[in-house]
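Below is one structure, written out as structure tokens; the observations come after it.
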Amino acid sequence: MTITTVSHTVADMTRWTGRAEPFETARARYWYQLAQPYEQQPVGLIGFACDQGVRRNQGRVGARVAPPLIRQAFAALPVIKELQQRFDGQLPTLLGDAGDIHCHDNDDFAASILEAAQTTYADKVSHIIKQGGLPIGLGGGHAIAYGSFLGLWQALTKRHDDTNVSVINSKTVTRTTPTIGVINFDAHLDIRQSDVATSGTPFRQIAEHLDTHDQPFHYCCIGVSRFSNTAALFDRAEQLGVQVISDEDCHFQPWESLAKQVDTFISQVDVLYITIDMDCLPSSVVPGVSAPAAYGIELSFVERMVKRIMASNKVKMADIAEINPTFDVDNRSCKVAARLLATIVEQHLLVS
Ligand SMILES: N=CN[C@@H](CCC(=O)O)C(=O)O
Ligand SMILES: [Mn+2]
Ligand SMILES: [Mn+2]
């Protein structure tokens with residue numbers, strides 16, 4: 001008997017529902033009205049329905065069921081007036097739903113299931129980027145981050161290989177791979193040393209991948225808690241040159257100083273991958289995660305910083321990770337994830 005360990009399910013459009021408002025003006029628009037199965041739209045959503053990395057990392061599993069619930073919460077949000085103005089009221093189908101990658105987790109299965117899910121997901125991500133869209137990954141555990149990075153890497157390096165050496169006016173011109181910057185909103189550094197990939201290792205894996213390809217590692221982690229990371233992890237962060245902005249910095253440092261730090265980081269790279277681990281927010285705001293935060297950073301801060309980063313127009317990949325609906329209260333965590341997802345989508349469509 002063949003056991004399928006990783007599978008892809010196409011978009012379930014029954015999730016894209018919301019209020020019907022036949023008596024309102026045409027400006028009463030919701031995201032569910034602008035989504036179709038993925039077909040080269042400006043934004044492509046792709047679910048990573050996998051929490052095997054969380055299991056391997058000794059966390060609380062359950063994140064694998066989050067992608068359709070985040071979509072559903074997002075579908076019901078209104079499309080802001082600025083976006084309607086940007087498209088002169090003629091809103092095209094802006095969102096493509098590329099379905100979900102499933103990692104059929106089972107303790108008896110071979111250890112390579114997570115890795116297979118990451119590469120299958122990365123192929124989808126890379127396809128969307130190559131078609132000119134912004135892929136947004138919906139986790140799933142934070143092992144999504146290595147898949148997101150791999151997809152971005154594949155898209156950038158494929159393009160690089162194609163045009164690696166060109167002849168312009170009889171002169172050979174060699175192009176270089178764009179410098180990638182990674183910005184992670186997270187209480188955790190996720191650079192653990194381990195014999196297998198987990199939800200706690202993705203940024204160490206990215207560092208090693210880049211090192212193998214002689215590329216610099218630019219990693220900025222925002223919201224890091226001194227009570228959620230060991231001294232060994234802070235040592236590794238220093239060795240790897242990680243820009244650490246702690247949860248306490250986010251509370252006590254002036255906004256302008258933090259924004260300047262992030263702007264400087266952004267100025268050093270060509271393209272950005274932005275990832276939001278929802279456990280960066282306080283557990284009162286986001287209870288539905290594997291590792292709830294006692295302290296956390298404010299939603300208003302995360303949203304403001306996400307807008308600032310998106311304004312750079314360098315973001316080529318984004319994802320939202322670690323929502324665990326098993327521990328959610330009143331769908332609160334999914335609603336916060338949907339709000340951040342809407343912020344990324346809106347800002348991308350406004351600046352691109
Ligand atoms: N992606 C999450 N990573 C955290 C989980 C911590 C926990 O489960 O307590 C980490 O490995 O540090
Ligand atoms: Mn975390
Ligand atoms: Mn994380």
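Every residue, even glycine, has its Cβ placed from backbone N, Cα and C.
In the three-state DSSP scheme, ASP190 (Mn(2+) 1 binding site) is classed as coil. Sequence-distant neighbours of ASP190 (Mn(2+) 1 binding site) (same chain, 6+ residues apart, CB-CB distance under 8 A): HIS142, ALA145, ASN184, SER199, GLY200, THR201, PRO202, PHE203, ARG204, CYS221, ASP277. Summarising the annotation, TrEMBL assigns Mn(2+) 1 binding site to HIS142, ASP186, ASP190, ASP277.
The secondary structure of ASP279 (Mn(2+) 2 binding site), as reduced to three states from DSSP, is helical. Look at TrEMBL and you will find ASP186, HIS188, ASP277, ASP279 tagged as Mn(2+) 2 binding site.
Residues ASP186, HIS188, ASP277, ASP279 make up the record's Mn(2+) 2 site, and a Cβ search at 8 Å around their centroid adds HIS142, ASN184, PHE185, ALA187, ASP190, GLY223, SER228, MET278, CYS280, ALA291, ALA321, GLU322 from the same chain. When the binding-site residues ASP186, HIS188, ASP279 are checked against ligand 1, HIS188 have a Cβ within less than 6 Å of one of its atoms. Other residues of the same chain near the Mn(2+) 1 site, with their Cβ within 8 Å of the Cβ centroid of HIS142, ASP186, ASP190, ASP277, are ALA145, ASN184, ALA187, HIS188, SER199, GLY200, PRO202, PHE203, THR275, ASP279, CYS280, ALA321, GLU322.
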